[in-house]
């Protein structure tokens with residue numbers, strides 16, 4: 001049986017860690033790509049990762065390169081390339097530079113892997129995934145952004161810490177943009193089947209939601225020299241697995257909305273069914289009034305971000 005081919009553009013912390021976990025899960029053969037200025041760095045990381053396979057007992061080929069030729073006919077392309085956040089920066093501060101990087105990357109992808117599903121991880125996410133779809137010209141269902149899986153993981157982590165329970169017992173969902181206006185949904189959050197609103201007081205739940213929205217900035221502040229990569233890579237790996245194994249996972253992703261949730265013509269975080277063809281369905285939920293208002297505020301912020309990007313590229 002043919003192995004899936006997974007190309008990861010950007011061999012920094014997020015890209016290399018994603019390569020590690022995709023290889024360890026034997027999701028397919030990996031191609032790790034970075035710019036020519038990095039010289040042999042991608043090759044070094046790929047070789048190091050390959051040499052861990054006899055110890056960790058996984059079988060996957062990992063190639064490091066600065067050429068897109070090795071990515072030809074990829075099934076999945078993950079884009080992590082771009083400048084990372086530094087302390088004091090918002091995701092939106094990266095807009096102009098990363099939009100240019102995204103344009104260059106996607107011009108290569110559409111030539112080498114015209115049938116791939118593209119997962120965008122680069123920030124600011126909601127604008128970058130829109131740009132990726134525009135430049136590749138791929139059907140919107142085959143271009144998806146990694147945001148909600150990570151944000152929901154942070155939300156679940158903070159809830160588990162608050163309640164002293166296993167994260168495995170927490171089910172949650174989050175919508176909206178990947179930024180300060182993201183919208184965790186208390187109506188879709190439960191702990192062992194118990195609604196979270198029965199376990200945590202509204203004031204405290206609001207504080208946890210605010211911490212979730214600032215979860216990435218908190219890590220940037222603590223690290224001081226970079227941004228999060230373990231959790232983003234884990235979230236990306238879950239999406240890769242859903243695609244290459246056609247798992248039909250119902251997870252939140254930045255997907256192209258065409259009238260769903262009243263959104264027309266751009267990407268925002270919504271629940272989707274993710275499988276081998278990419279976004280197979282957007283799941284529309286009946287939101288509470290406060291959730292609707294918060295989601296609309298988030299949508300408006302994403303619209304403004306996309307508008308600003310249009311003036312920069």
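Using the three backbone atoms N, Cα and C, a Cβ is placed for every residue, glycine included.
Just so you know, TrEMBL annotations are computer predictions that nobody has curated.
Using a 10 Å radius centred on the Cβ of residue 178 (active site, proton acceptor) and all shown protein chains, the other Cβ atoms total 30. Per TrEMBL, the feature active site, proton acceptor maps to 178.
Taking Cβ-Cβ distances under 8 Å and a sequence gap of 6 or more within the same chain, the neighbours of residue 12 (NAD(+) binding site) are 34, 80, 84, 229. The NAD(+) binding site annotation in TrEMBL covers 10, 11, 12, 13, 14, 15, 34, 98, 121, 122, 123.
The annotation substrate binding site is assigned in TrEMBL to 85, 91, 123, 154. For residue 154 (substrate binding site), the count of additional Cβ atoms within 10 Å of its Cβ stands at 25 [all protein chains shown].
Per TrEMBL, the feature domain 'Lactate/malate dehydrogenase N-terminal' maps to 5-145. A mean pLDDT of 95 is what the model gives for the domain 'Lactate/malate dehydrogenase N-terminal' (5-145).
Residues or ranges marked as domain 'Lactate/malate dehydrogenase C-terminal' by TrEMBL: 150-306.
For the NAD(+) site, whose annotated binding residues are 10, 11, 12, 13, 14, 15, 34, 98, 121, 122, 123, the maximal Cα to Cα separation is 17 Å.
For residue 123 (NAD(+) binding site), the recorded positions whose C-alpha atoms fall inside a 10 Å radius of its own C-alpha are 85, 178, out of 85, 154, 178.
The shortest Cα-Cα distance between residue 121 (NAD(+) binding site) and any of the recorded positions 85, 154, 178 is the one to 178.
Within the set of recorded positions 85, 154, 178, the entry lying nearest in space to residue 14 (NAD(+) binding site) is 85 (CA atoms).
Around the Cβ of residue 10 (NAD(+) binding site), the same chain contributes 33, 34, 79, 80, 81, 82, 122, each under 8 angstroms and 6 or more positions distant in sequence.
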